[in-house]
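Have a look at the structure below before the remarks.
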């Protein structure tokens, strides 16, 4: 059987068509093997064959044009050139030629549609991939934290910088920061226990030891004086020995002091023990906020930074409740047991990265920072900020430590810290707490004075936890505003009540008013001016003078405490009780004005940002920084 298009047999005619098409499109077998697929597909054809058929059929070029303009469901596809017509090597009739043309055009249409669909599929996949990439980059930080926290991230960094598509807010790894805050707060718990010890212990101590009234006053007042000494000595210790070792070092003197008190056979042993505890209280008062300020991230520094104050109030309550059931010696043994877990917890904590940087120990600083932030967190940016801040301090600082405190650069931060401590004590909180029972007695309150003291103590305890929960939401200044306004209003009302009482007016129907005023007063103090000056002590002081300035502020605070408490009776004798209360209200008003105009807001800011805002930064460092090209991490 002859297979060609002139064969009368139908099967032979079809096979002949296919053979002719194959031969004319690809050439000889040898040529086809030497050509690539692209060369065989797009090889040039003669111009005389590029004619458009006269019949009303759909041409390949028309198909390509329609695919470009319409596409499948409006999707644009490439406009591929139409395949030129294939020359015919044999003469044929017009019908045979039209049949051949129809077969060729059908093949071209199928090929064009196939290529268009392939292009369309590739474009749709690329668009889908781009949409998924954009969606992944636009996911909020909190959702990324919840969904990707357990995944190991690929270290796709550029020149050591953070991942260009990482979240703008640094992720929080809270467990280590909560741990260090809890460990440090255990030291503050011992401080509170030491402050509350004398109130329940002195009555039973008078029954065992022969103690005079003067010795009683020294047992109660020696701790604040010793704390003053500890505050002065703590500055050089935190700068030279380190924050962590200084805090850990207080555990042993605490233990020795409590053991001396517990086994005391005379008053002198009690006084020595109280002095040792007081020195540790003074050191801890400045070291705790400095340590937490340098280790906790800005997002939670307010909440976790107030834990020491809350634990200190808890220690006071523990001393009151335990002292109601055990005598002074057993209560001192309980105090001696508290430094043991405190020391064990502090063993696992790291030194602050800023102290390591100040001593040139960069690798130790990086390890400590990685431990605090989590092993999967990129800490390069924070390390660069630490080293830049330290370089600025080294370039601009000269002279001795106390001389730097008076320099134009650091003096504003020092004055803000000292004034916050001053207004904290001038609010009269210690005088009101120490003499609450006497105030109730002078006010003629109908509520039992012991019940009133317990209520005030519980309010002082609870309000600190309230401040811990809201400080990072409202900010430091807002809580200071609320604190000042609450104290001013209650002190004015209480002073007016005492003035009316002094004038001889019957106020028996308002016997509840002194308790209500003092409860709101203590609540206002405990959420603002009580803990925030200590918190800001570790925030606003520049790194170069942080230890020395914190030592000065702590000593100043204990001095003010001693002066206000000691002079309270003399002020009452001079201007009466109502005048004294109104004086405290005026001083609180002055504190409010100071906060409005001079105290910066530190919520959510890193220590480097706070320092730059207060000190203005170094001009020399700014010039060096501005001369360097800015790297685009995006």
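Backbone N, Cα and C atoms are what each Cβ position is placed from, and that goes for glycine too.
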Transmembrane segment range according to TrEMBL, out of 271-292, 359-380, 381-402:
271-292
Correct range for transmembrane segment (source TrEMBL, candidates 135-159, 410-434):
410-434
For the transmembrane segment entry in TrEMBL, name the matching range from 245-265, 602-622.
245-265
With a cut-off of 8 Å between Cβ atoms, can you find at least three pairs linking the transmembrane segment (454-471) to the transmembrane segment (581-599)? Only pairs 6 or more residues apart in sequence count.
no
The transmembrane segment (478-500) touching the transmembrane segment (331-349) per 3+ Cβ pairs under 8 Å rule:
no
Averaged over the domain 'Major facilitator superfamily (MFS) profile' (180-603), what pLDDT does the prediction give?
86
